[in-house]
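Engineer: Can you keep this structure in mind? I'll have questions shortly.
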Amino acid sequence: MKNYLHISDLGNLQDAVKEAIALKQNPYQFKELGKQKTICLLFFNNSLRTRLSTQKAGMNLGLDVMVMNFGSEGWQLEYEDGTVMNQGKSEHIKEAAQVVSQYADIVAIRAFAGLIDKEKDEAEIVLKGFEKYASIPVVNMESSVGHPLQALADAITLEEHKTVKKPKIVLSWAPHPKSLPHAVANSFIEMMKLQDAEFVITHPEGYELNPEITKDCKIVYDQEKALENANFVYVKNWSSYSNYGKVLSEDKNWMMTKKKLGDAKFMHCLPVRRNVVVEDAVLDSNQSLVIEQANNRTYSAQLALKRILEKL
Ligand code: CP
């Protein structure tokens, strides 16, 4: 694998999940693979899980890990070609990506959507800029439209907890006071399309995701109906896609409760706002898989890095 930018880069998802579960059982068996190699993690946005789990995954593989909060500590980057750089931006992505390539063997990038300009967000200028100008492999640690490391961790968690061959899995929108990106939901849907499962998406009208991503997915606007007989409920907020980046509703009736969850397992990528997105009784119950999901972030990243290192 050259880069890990999208869940499809893994090839067969089931094989990747099996390989990640094997890594989890014996995390240090490939410690020699990363010896005398360096990964550089560049954060243009905040993180807890991605930062620590990717760092841990790198260390498990014997990599040296450098971390930089680029958003607050790096020079402001210019991405346009041919710009006269006489305003606030000090460095061009062309130099920045090539310079990082001198210090590291792999670069991983987190750069969220701005949620103001859809076209700009969908161009993924930061991730694609590094892909274009870096001479080393690039890993997506959540871009403006996708979070494939989270999606692989979620696939691992589903595999570990499913009790029927073809589970019913529901992706349910939840209220949130802030405008949040679509990346986690997008990658979860793309991953679900590769699963043998009954998959349903539920959200209020106006919260339809990118139709190119939800194409062929079942969308049910009645949350109660969507949740019937669910084995797993994956809860996530996202802002409107059609009315780009806007918060159209904070309807508390969409919050996940123990009553609505029934016997299903609860999933969320975290961080989560308690008693806004989901009530305490769910998160504090043994139906919640959120800590297992966070743990699996390490093995998701480790699988991606292992596959990249094997091709270096
Ligand atoms: N789920 C996730 O990516 O968490 P962080 O934003 O804390 O990295």
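Just so you know, glycine gets a Cβ as well, placed from its N, Cα and C.
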Engineer: Say TrEMBL lists SER47, LEU48, ARG49, THR50, TRP75, HIS147, PRO148, LEU149, GLN150, CYS269, LEU270, ARG297 as binding carbamoyl phosphate: which of ARG110, ARG307 is in the same site, per that record?
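Structural biologist: Same carbamoyl phosphate site in TrEMBL: ARG110.
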Engineer: Quick one: of the binding-site residues HIS176, LYS236, ARG273, which has its CA closest to the CA of HIS147 (carbamoyl phosphate binding site)?
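Structural biologist: Its closest listed neighbour, by Cα, is LYS236.
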Engineer: Let's see if you can do this one: DSSP helix, strand and coil counts over the domain 'Aspartate/ornithine carbamoyltransferase Asp/Orn-binding' (184-301), in that order.
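Structural biologist: Secondary-structure composition of the domain 'Aspartate/ornithine carbamoyltransferase Asp/Orn-binding' (184-301): 41 helix, 19 strand, 58 coil.
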Engineer: At a 10 Å cut-off from the C-beta of HIS147 (carbamoyl phosphate binding site), count the other C-beta atoms across all protein chains.
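Structural biologist: Within a 10 Å radius of the Cβ of HIS147 (carbamoyl phosphate binding site) lie 26 other Cβ atoms.
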Engineer: Give the subset of the binding-site residues ARG49, LYS236, ARG273, ARG297 lying near ligand 1, defined as CB under 6 A from any of its atoms.
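Structural biologist: List returned for ligand 1: ARG49.
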Engineer: Can you check which residue among the binding-site residues HIS176, ARG273, ARG297 has the largest number of Cβ atoms within 10 Å of its own?
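Structural biologist: Buried the deepest by this measure is ARG297.
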Engineer: Please give the maximum pairwise Cα distance, in Å and rounded to a whole number, for the carbamoyl phosphate-binding set SER47, LEU48, ARG49, THR50, TRP75, ARG110, HIS147, PRO148, LEU149, GLN150, CYS269, LEU270, ARG297.
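Structural biologist: Greatest Cα-Cα span of the listed binding residues: 30 Å.
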Engineer: Of the binding-site residues listed here (GLU142, HIS176, LYS236, ARG273), which is spatially closest to TRP75 (carbamoyl phosphate binding site) when Cα positions are compared?
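Structural biologist: Checked the binding-site residues GLU142, HIS176, LYS236, ARG273; minimum Cα distance to TRP75 (carbamoyl phosphate binding site) goes to GLU142.
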